[in-house]
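A.B. asks: Sharing a structure here in structure tokens format.
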Amino acid sequence: MESGNLSAVTEFIFTSFPQTQDGSLLYFFPLLFIYAFIVLGNLLIFFAVRLDKRLHNPMYNFISIFSFLEIWYTTATIPKMLFNLISEKKTISITGCLLQMYFFHSLGNSDGILLITMAIDRYVAICNPLRYQMIMTPHLCAQLSAGSCIFGFLILLPEIVMISTLPFCGPNQIHQILCDLVPVLSLACTDTSMILIEDVIHAVAIILTILIIALSYIRIVTVILRIPFAEGRQKAFSTCAGHFTVFLIFFGSVSLMYLRFNATYPPVLDTAIALMFTVLAPFCNPIIYSLRNKDMKNAIRKLFCFQKVLNASGV
């Protein structure tokens, strides 16, 4: 195709959404319920930790920040999905696509780094309990939390700036339900060899993160198994089980999506995997951190009681 016949693309079209109105509504209301549950559930966890002084320790501090990030992680994608489900045109502007990619992946990166921090926190607490308070000081916890967010947002910025300079002048159909790096790069009217580099960089980062967290938990389990009392072992396992479950769900879905290399999935499976790490994983987190945790349940119950007192007093 000659350059004179090329016209600049101003928007992308998502092709993985249901094309009929009835089919779209079938997915709209469950997705709306899930999004509301994610936002409300994570807000409850965040405020329960912040308002209950008994939970003012490194572990719950990291959980509250993780919950806060999860709200924005889903907000980067699900509202646009909901809009596309009820809209006749399943489109997104190039600027909107770049912003969605930036915030979605930046928040995902921050979540991943925070999961490393949470694994290290549990490692120190169980493998070196006598020095735990000396090592995990409030100042260090604040630095780790802020560093996770700042690094997560900075690391992707050069990549998004580079993508924003690429020409898009040919096909504009994204075979997915959200803007993602590789599908968008494949539409650029230029050399796409950078896609392979993107795959390698993302794969190495994901594998290193998984290895660091997995090694931490392997070490934790070996130490727990040496605890002579069954009650002590059960208590130690309970403090790590939630973190490990979240790690498995989050990085399991991420690995299916980004460690495929040259493998291609059928469109239905591709969409299902995308829904796993954009919807299912955040949906499970409030359940894991609230229903399975006695201290968290008490804090949430206390939060509701506090709200009732405010309502009774007319505040």
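Backbone N, Cα and C atoms are what each Cβ position is placed from, and that goes for glycine too.
Just so you know, TrEMBL annotations are computer predictions that nobody has curated.
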A.B. asks: Looking at the ranges 102-120, 178-196, which is given as transmembrane segment in TrEMBL?
C.D. replies: 102-120
A.B. asks: Mind pulling out the one from 25-48, 60-82, 102-120, 237-259, 271-291 with the most Cβ pairs under 8 angstroms to the transmembrane segment (140-157)?
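C.D. replies: It is 102-120 that shares the most Cβ pairs under 8 Å with the transmembrane segment (140-157).
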A.B. asks: By a Cβ-Cβ criterion of under 8 Å, what residues six or more beyond either terminus of the transmembrane segment (237-259) are in contact with it?
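C.D. replies: Here the qualifying positions are 59, 66, 108, 111-112, 115, 118-119, 122, 125-126, 199, 202-203, 206-207, 209-210, 213, 217, 220, 224, 273-274, 276-277, 280-281, 284-285, 288-289, 292-293.
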A.B. asks: What mean pLDDT score does the domain 'G-protein coupled receptors family 1 profile' (41-289) have in the model?
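C.D. replies: The average pLDDT of the model in the domain 'G-protein coupled receptors family 1 profile' (41-289) works out to 87.
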A.B. asks: Determine which residues of the chain contact the transmembrane segment (200-225) at the Cβ level, with the cut-off under 8 Å and only residues 6 or more beyond its ends counted.
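C.D. replies: Same-chain residues near the transmembrane segment (200-225) but 6 or more away: 112-113, 115-116, 119-120, 122-123, 126-127, 181, 233, 236-237, 240, 244, 247, 251, 254-255, 258-259, 261.
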A.B. asks: Other than its close neighbours in sequence, what residues sit by the transmembrane segment (102-120), given a CB gap under 8 Å and a spacing of at least six beyond its ends?
C.D. replies: 59, 62-63, 65-66, 69-70, 72-73, 76-77, 144-145, 147-149, 151-153, 155-157, 160, 178-179, 181, 206, 209, 212-213, 216-217, 243, 246-247, 250-251, 254, 277-278
